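Student: This is the structure I want to talk about, given as structure tokens.
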Amino acid sequence: MGDDVLGRGSRRDQEIVLVDIVDDDDHDDVPAVRRQDSLYVDATRAGGANHRGGQEESWARTLKLAFQCVGILYGDIGTSPLFVYSSTFKDGVRHPDDLLGALSLIIYSFALFTIVKYVFIALRANDDGDGGTFALYTLISRHAKVSLIPNQQAEDELISKYNTGKPQATLRRARWMKELLETNRAVKIWLFLLTILATAMVISDAVLTPAISVLSAVGGLKEKAPNLTTDEIVWITVATLVVLFAIQRFGTDKIGYLFAPIILLWLLLIGCVGIYNTIKFDTGVLRAFNLKYIIDYFRRNKKDGWISLSGILLCFTGTEALFSDLGYFSIRSIQLSFSFGLVPSVLLAYIGQAAYLREHPEHIANTFYRSTPNVMFWPTFILAVAASIIGSQAMISCAFATISHLQTLNCFPRVKILHTSRQYSGQLYIPEVNFLLCVGACLVTIGFKTTVIIGEAHAICVVFVMIITTLLLTIVMLLVWKVSIWYVALFFIVFMSSESIYLSAVLYQFVHGEYVPVAMSVFLMIVMTVWHYVHVKRYEFELEHTVPRDKVKELLERRDIQRVPGVGLFYTDLVQGIPPVFPHLIEKIPSIHSVLIFVSIKHLPIPSVDRSERFIFRHVDKEEYKVFQCVARYGYRDPMEEAKDFVDALTENLQYYIRDVNFYTTGGDQHIFRSTSYASSIAESFASYEKHSGHAVYAEEMLTPAESFSEHTKQLSGRSKHFKQFQVENMNMQKMEKVQQEQQAILREMENGVVYILGESDIVASPHSSLLNKIIVNYIYSFLRKNCRNGEKMLSIPRSQVLKVGIAYEI
């Protein structure tokens, strides 16, 4: 082929060569493309963005974040002392030492699960600062192709935040785990189902947490107004819940600064009351730090002691919200505030209540308020209600964020998502979901009336999510982290065994109330699974029926096809090839806009994508047709822009593409820069994709692996003798004028107007498919689609500029 060696000394001391794009048959040893107008040009230009280095966080900022996260993260876990003892001893305290056994279980369960597992292990398994089971799944998705949607592209790995590290790939167990996840479809499906089960439990928890927290806090009124009936307490709680959910539409931006001081006062209060009760009633409860009392507790109570674990585990509720909201804070700030703020206060509260109950075991049903000194009752009551509302707010916000993330995976029907803060993109409000959560919380409160039964339902959500988190963390340790297999085994055995014991305890009491979160979670899982299943099937159908290249060329060259002024943005899910709805449009309306852009909105398994790396383009066939394919890439936390802002950004990046694609073209032959080592890695990516996804990548879209041109420019700018060899020879005035004319033509057509073309596919089950498939597609999915938001509303597209093209798919 006659490669010309132009220079050595890139950042990896790799050989840089100039490659002629020629037929594959002549050079089988070099991964090359048939077309230069590929998505590669923009991907490499964008991929040159610098990583945000791991800058050391100052202690001033750490302390500030530590203070702020007290209000956001610890409302739920900090209000657990309101109901733990009453949920543990449902039938009263049978033996005084049972309190020591329960306290010992609380201390060591709290330490094991919240401190060891979540604060010092799980927080490190974050996805670029984002936490939660969903983030664990996306972290795994970046290191192994586990997505059920076959839309992976090699260009995605060029994004600066798409950092897989890959030094651990040399480990045999990492390769084994990667191979297992990518080649075994059953494993992919189970991993997906576990993830959506965990997210369904988190959403269900957003119903139960407000119910149990507010009911526990309001229940304290009985101490000062004993004539209040249970029903009256319930209706006061319902009224409080309605107000709580009603104010969600306003967001917490304006009052959020009050959360941290309120929760901090709450923690100081319960800690001080705990010290007071311990000194006044029984300092002997400190013996509970001896593990012997746990053994004695189970010996004495046997089966009843095992069942009581469903109440004990409520002491670490809120840990998943803590993990999920990691994105707003740093790991060090959470570890600092948790270790020196939350842990002492909460443990002192539990110790103090145990000391009080040693003398007043008959007050077990309302331990918290009975153990509070009379002079402190009203301040405690006010802070308890405020803290329970703040803790509930954290879970509601967590549910909104979870559903927003699920939509990016196409696992949830389209719902309206509003951003309640211009400053903080993570503050969301979803009207439909908010209404359903409010109705659910009110019905649970009215139906169960007591915190004991709601606590049993709450417990199953907590333990299910913890077990799934343990499984996902184990995969992360094997696939991503470079830790000893013995540490992985120790982690899995310790946490899976202990959490399974807690799970068995809550499942034993399934009929008492646990069916509520299970029923809600099963319902949500059915909705999410059906939605995702049909989306995957539709994508596979379109991928199998993409319009062949010669057919596209034939359509574009037809003389009866009229080119009308303006720009057409043709939205499609496909990132590869032309969708089958395009020729259907031409048959019905034999005209094409002067500039036609096939736009694919693609969400990547990373939290965010820099704006400079969002768009990648390629020409569809000849340049003079002015038909492009564009992929707009977003992270799962990135909000969608308004239509006008999106078009402006697309136009700007299209101008860059036109400039770059001509800059990379030098004369009659086409050349691009290529890094030899990087070439092999991208070639491997394509081979792996074809092998494991079962879908071939079309030849005209295969990308020539290369380094970012912008990075090479930086490297070579200080080396004049080498830089002269890289100068593009034919970028003369005539070439520059051609580029400017093409750019101006695009701008003129943009001024003529933009039309958004949406393919409205009517999905029906194939007549030869199974009965289950017909029920899923023709009934469940059809119902969900008819009752969710339209595509143009989700994309914020003006209705006056929308053109819908209907087509039927049989799957």
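Positions of Cβ are set from backbone N, Cα and C atoms, glycine also.
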Student: Tell me if LYS90 and SER504 end up on the same side of the membrane in Swiss-Prot.
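Tutor: Same side, per Swiss-Prot.
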Student: Using DSSP, what's the helix, strand and coil tally for the topological domain 'Extracellular' (86-102)?
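Tutor: Reading the DSSP string over the topological domain 'Extracellular' (86-102) gives 10 helix, 0 strand, 7 coil.
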Student: Would you confirm whether the transmembrane segment (376-396) and the transmembrane segment (65-85) meet the contact rule of 3 or more C-beta pairs below 8 angstroms, pairs 6 or more apart in sequence?
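Tutor: Yes, these stretches are in contact.
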Student: Counting Cβ pairs under 8 Å to the transmembrane segment (336-356), which of 255-275, 460-480, 483-503, 516-536 comes out on top?
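Tutor: Looking only at 255-275, 460-480, 483-503, 516-536, the most contacts with the transmembrane segment (336-356) come from 255-275.
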Student: Looking at the transmembrane segment (311-331) and the transmembrane segment (189-209), are there 3+ C-beta pairs under 8 A, with each pair at least 6 apart in sequence?
Tutor: yes
Student: Three or more CB pairs closer than 8 Å, sequence separation of 6 or more: does that hold for the transmembrane segment (516-536) against the transmembrane segment (103-123)?
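Tutor: These two stretches do not touch.
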Student: Using a Cβ distance cut-off of under 8 Å, indicate which of 103-123, 189-209, 435-455, 460-480 has the most pairs with the transmembrane segment (227-247).
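Tutor: Most contacts with the transmembrane segment (227-247): 435-455.
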Student: With a cut-off of 8 Å between Cβ atoms, can you find at least three pairs linking the transmembrane segment (435-455) to the transmembrane segment (483-503)? Only pairs 6 or more residues apart in sequence count.
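Tutor: Per Cβ check, the transmembrane segment (435-455) does not touch the transmembrane segment (483-503).
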Student: Taking DSSP states H, G and I as helix and E and B as strand, how many residues of the topological domain 'Cytoplasmic' (332-335) are helix, strand and coil?
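Tutor: Summed over the topological domain 'Cytoplasmic' (332-335), the classes give 4 helix, 0 strand, 0 coil.
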